[in-house]
Amino acid sequence: MSSTKKPLVLTILDGYGHREEQQDNAILNAKTPVMDVLWQQQPHTLIAASGLDVGLPDGQMGNSEVGHVNLGAGRIVYQDLTRLDKEIKDGDFFTNPTLTAAVDNAVKTGKAVHIMGLLSAGGVHSHEDHIMAMVELAAKRGATAIYLHAFLDGRDTPPRSAESSLKRFTAKFAELGNGRIASIIGRYYAMDRDNRWDRVQLAYDLLTQAKGEFTADNAVAGLQAAYARGENDEFVKPTVIQATGEADAAMNEGDTLIFMNFRADRVRQITRTFVNADFDGFKRDKVVNFGDFIMLTEYAADIKVACAYPPASLTNTFGEWLMKHDKTQLRISETEKYAHVTFFYNGGVEEPFKGEDRILINSPKVATYDLQPEMSSAELTEKLVSAIGSGKYDVIICNYPNGDMVGHTGDYDAAVKAVETLDNCIEQVVAAVKAADGQLLITADHGNAEQMRDPATGQAHTAHTSLPVPLIYVGNKAVKAVEGGKLSDIAPTMLSLMEMEIPQEMTGKPLFIVE
């Protein structure tokens with residue numbers, strides 16, 4: 001018979017951010033005697049839950065999916081765009097072993113470096129800043145033939161906005177005294193994802209054979225001719241860019257090709273056209289045996305070419321680490337946030353880990369939650385308190401959705417009610433944890449209810465915020481709080497409170513030091 005467990009409980013108050021100003025602040029203006037006393041008397045700190053601290057672009061508000069991924073991973077989990085921006089800013093991009101080896105190989109064998117991708121500042125499939133960094137990397141490492149094959153956007157950017165990008169790269173090549181834009185084509189052809197192989201073939205022939213419907217001396221002239229034909233960026237027909245006397249930029253055996261899109265769905269088809277021996281979408285007039293073909297990120301597991309930035313593997317998330325150490329865990333929330341404390345918290349793993357139980361409480365069936373700001377918190381608290389006292393679990397992770405779901409309605413009075421309801425719930429949870437001689441962490445995944453009106457417009461503020469969130473410790477250990485934390489520090493904090501080893505994959509730091 002196993003001994004009764006003293007659980008460590010993580011309570012996530014969704015949308016419960018920290019803001020000092022009282023105006024339009026449903027959290028500060030609500031009557032919260034329990035949270036007030038905890039904040040005054042218990043070890044506590046504020047932690048970052050937005051922007052680069054959670055792997056989002058700088059200044060971007062946090063969200064529940066990203067928040068829970070970071071909470072469970074114990075490390076910052078970067079989106080591809082942010083990860084690449086950061087790599088370039090820190091200089092690590094320029095020493096990426098896959099990219100540098102591919103360029104060095106071309107330099108050594110006297111071959112061309114072809115760079116292709118969506119030349120756009122849209123940031124959805126690619127970013128031209130990444131392409132610029134790649135051009136600079138190739139030039140710095142001594143590549144003498146650098147050819148940029150520009151796919152034009154007009155979907156994630158205005159329909160006719162490519163000219164500034166083409167001018168920027170034309171100027172860069174002039175400054176380098178080396179390389180050029182070799183072709184332009186609309187994404188409608190190069191980035192099809194619906195097996196319209198007639199479109200892809202036009203792009204493939206342009207790239208491999210320098211064969212296009214149109215030719216121009218320079219990229220801007222080629223674009224202006226397309227506009228004159230009535231083609232917007234997305235639909236620019238295959239155009240070879242080649243001034244009189246210039247060698248063509250067809251792709252040849254031994255050349256290096258680097259594909260600079262980071263989003264996979266619209267690059268799989270054309271990539272397979274290049275690399276699959278058994279490709280049968282259309283008859284390829286020319287099959288190029290590249291020295292190196294590099295995809296920037298992994299476009300598909302079955303595309304067997306080198307990848308500069310493989311997916312960040314989320315091994316040893318908090319839940320998986322508990323399983324490996326034979327610990328029991330419970331995940332509990334209402335419908336609205338159930339996926340967050342399970343799938344997202346587990347780093348995108350759907351199946352529960354061994355020893356992981358789950359309890360789903362149905363959220364109330366109302367049109368909007370301002371009509372029932374307490375949501376299903378009474379039932380959720382009852383089940384949570386029962387689980388804490390059951391002695392079954394080493395760890396319990398619970399999400400209360402009220403602050404976020406009611407915050408999204410923009411109804412200030414309802415948000416105040418939601419926060420006051422939560423205070424009553426926390427009172428019961430604290431009592432249960434103390435009775436079980438356990439430990440409790442109270443935090444949030446991002447802010448919302450602390451800012452219910454937009455000061456700039458005077459309208460209801462229904463979105464998340466970029467503000468920090470509280471972290472409070474209640475328990476049987478004497479601990480000292482550390483400042484400057486973020487969501488990815490919570491999992492290591494929990495492991496240290498349980499006196500467990502922290503896996504090396506977790507780069508977060510414990511925020512409560514046992515004295």
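Cβ coordinates are placed from backbone N, Cα and C, and glycine is handled just like the others.
D14 is the residue from D14, D129, D394, D489 that Swiss-Prot records in the Mn(2+) 2 site together with S64, D445, H446. The substrate site recorded in Swiss-Prot comprises H125, R155, D156, R187, R263, A264, D265, R266, K337 together with one of R180, R193, R196, namely R193. Listed in chain order, the extra residues whose Cβ falls within 8 Å of the Cβ center of the Mn(2+) 1 site residues D404, H408, H464 are D14, G15, S64, G403, M405, G407, H446, N448, A449, T462, A463. Using a 10 Å Cα-Cα cut-off around D445 (Mn(2+) 2 binding site), the recorded positions S64, D156, H408 reduce to S64. Here the candidates are the recorded positions S64, D156, A264, R266, and by Cα distance the one nearest H464 (Mn(2+) 1 binding site) turns out to be S64. Counting Cβ atoms from all protein chains shown, H464 (Mn(2+) 1 binding site) has 24 others lying within 10 Å of its own Cβ. For the Mn(2+) 2 site, the Cβ centre of D14, S64, D445, H446 serves as reference, and the other residues of the chain with Cβ at most 8 Å from it are I12, G15, A49, G62, N63, G67, H68, K337, H340, N399, D404, A444, N448, H464. Counting only the Cα atoms, the space from D156 (substrate binding site) to D14 (Mn(2+) 2 binding site) is about 31 angstrom. Distance noted between the C-alpha atoms of H125 (substrate binding site) and S64 (active site, phosphoserine intermediate) is 23 Å.
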